[in-house]
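Below is one structure; the comments refer to it alone.
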Amino acid sequence: MQANGAGGGQQQQPPPPSSQGPELGCLNAQNGEASSGSSAGEQLAHANGLLPSATNSSGGGGGGPSVNNGVSAPGGSAVEMGGGSGVGIGGSALKKKKRLSQSDEDVIRLIGQHLHGLGLNQTVDLLMQESGCRLEHPSATKFRNHVMEGEWDKAENDLNELKPLVHSPHAIVRMKFLLLQQKYLEYLEDGKVLEALQVLRCELTPLKYNTERIHILSGYLMCSHAEDLRAKAEWEGKGTTSRSKLLDKLQTYLPPSVMLPPRRLQNLLRQAVELQRDRCLYHNTKLDNNLDSVSLLIDHVCSRKQFPCYTQQILTEHCNEVWFCKFSNDGTKLATGSKDTTVIIWQVDPDTHQLKLLKTLEGHAYGVSYIAWSPDDNYLVACGPDDCSELWLWNVQTGELRTKMSQSHEDSLTSVAWNPDGKRFVTGGQRGQFYQCDLDGNLLDSWEGVRVQCLWCLSDGKTVLASDTHQRIRGYNFEDLTDRNIVQEDHPIMSFTISKNGRLALLNVATQGVHLWDLQDRVLVRKYQGVTQGFYTIHSCFGGHNEDFIASGSEVQVDAVIPVISVNDDKRSNDHKVYIWHKRSELPIAELTGHTRTVNCVSWNPQISSMMASASDDGTVRIWGPAPFVDNQDIEDGKSCRLLENV
């Protein structure tokens, strides 16, 4: 029986051809009669360009017959044969196949490529046949097969057929170079040195392309054995793996209408997952690019209960205002400094994430307003408030004081930063002191006349950033004694911190709040709203996985009017909260309540993205983490965390 015969001897007219032409777009639905000598298997081969037999039937640009899955027309019975469509017998016309849109054609090709990669070739054949699409250009199919089979002369001939379809005139030369390079390496691995030399001299060199690479290839002639060749060439050796990688490179020079980029559907799905994660305000875990780790059936949504905005522990060992807190670089310890003249070192339990008191470092007569861990976490430097001229360098492991440094009783040493080498640190204050010292407190260098508010050493080991009383941040180089302006604000910079990559600076600006600066472009990126910042020194931080979040404390300011979206409609006359923003959003995504006085400092654990600490004038340190486990309901504890859903 014919694939699409009509009753009464009438023959349907074929639909208009695809706008892409017979070689690039979907094949036209076959409404004409099939050849009487064509078998169902041969018709399948026409539909899927990946089968070798398809290369012998590409001239006509036609595809396999349309399929209606055996559904009968009114008044007649449906007849199936191979991939053919059933037709009515009572004179009724065959229902025409719906013309596919360009996006539909693309989706079908993507699905076909993915199924082919899974080895479901018969399914691909049926899909291409019924849709009337072709997976790729017939010449591309021949080219693919010849490359994978190592038939290099035939693959070169295929390039001549593909030449009219390639946009760049130089692409064919590059593709030929890649082919010949693989051919040359395979000859060498097989021990066919003369043949390899012939390829190098008579085929690769005349291309006059990438002569530097040709010189490198010629050096491989000296390899004594195949293992040596593969190691020096960083090549997998003759076989499917290296040829597949070669084909991936070759495909980049061909338009997608001719040959789809490798694993195109997987790449699109991976991009979609990554985009959803990037847009998720509460995503705070390591990104896994493996699609097997996620469900493609639902959108990515992070549970708010996993976000560190619920009080896990309250540390009450300090007996006065707590001015500073800082996790160690390895995340295993927390140091807190207080007006009560002590520094307390806390140990973080790796399993329960609970903190226990490890050591108490005493004797800071003026109190401790700033703490800096050495890069290896072996030492800790503690500074006091404005009236303090002393600096303490503690050995964290032994709890012993290594150095107590004071250059002059007139000094004010209120800030400190470690050089990345861990052998030096810089310190200074608002009375004009700016020193670089070694671990024994010996003065190495000094910079006169700089009234320092806050310090940070960049990863280059040379540049020290310092905010001063001129509402700016300048970069100072102690080696060549040069300085330059980097950030200029209109109000005093009370403190600042730098991101791990050294690109972003987070500033607490008096009466303005929290500002984010790009140090490379020297531009203000964002002003974060909601926080109350007066003239107290409040320390903010980057945090979370990939430092996607920003957290800051807030002052107590009576009758403050703060433009922030809130779940509860209160006047919030006392604003002693911890605010959390996503780096991209100016409005806070969470407000953490619990402290009863100004929150002076917030520190995010650099290794445990779900742990954060805050220090307050109320004498406590709060440890924040995910919500406790509760079955079948979300946590809605307004006294611990206010999550702003409509940001």
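Yeah, the Cβs are placed from backbone N, Cα and C, and that goes for glycine too.
The region 'Disordered' feature in TrEMBL is assigned to 1-84.
What TrEMBL records for 1-10 is compositional bias 'Gly residues'.
What TrEMBL lists as compositional bias 'Low complexity' is 28-43 (among others).
Residues or ranges marked as compositional bias 'Low complexity' by TrEMBL: 66-80 (among others).
According to TrEMBL, the domain 'CTLH' annotation covers 136-195.
TrEMBL lists 315-349 (among others) with the feature repeat 'WD'. Long-range Cβ contacts of the repeat 'WD' (315-349) within its own chain (Cβ-Cβ under 8 Å, at least 6 residues beyond either end) map to 355-373, 375-377, 380, 382, 385, 392, 394, 396, 399, 539, 597, 600-608, 611, 613-623.
Feature annotation from TrEMBL assigns repeat 'WD' to 361-392 (among others). Same-chain neighbours of the repeat 'WD' (361-392): 320-321, 323-326, 328-330, 332-333, 335-345, 399, 401-418, 420-422, 425, 427, 429-430, 439, 441, 537, counting only residues six or more beyond its ends whose CB sits under 8 Å from a CB of the stretch.
Taken from TrEMBL, the feature repeat 'WD' covers 592-624 (among others). For the repeat 'WD' (592-624), the residues of the chain that approach it from at least six positions outside its boundaries are 284-285, 306-316, 318-327, 329-332, 334, 336, 338, 348, 353, 355, 536-545, 549, 551-556, 576-580, 638-642, judged by C-beta separation under 8 angstroms.
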Average pLDDT across the domain 'CTLH' (136-195), rounded to a whole number: 91
Residues in the repeat 'WD' (361-392) grouped by DSSP into helix, strand and remaining coil: 0 helix, 12 strand, 20 coil
DSSP-derived helix, strand and coil totals, residue by residue, for the repeat 'WD' (592-624): 0 helix, 16 strand, 17 coil
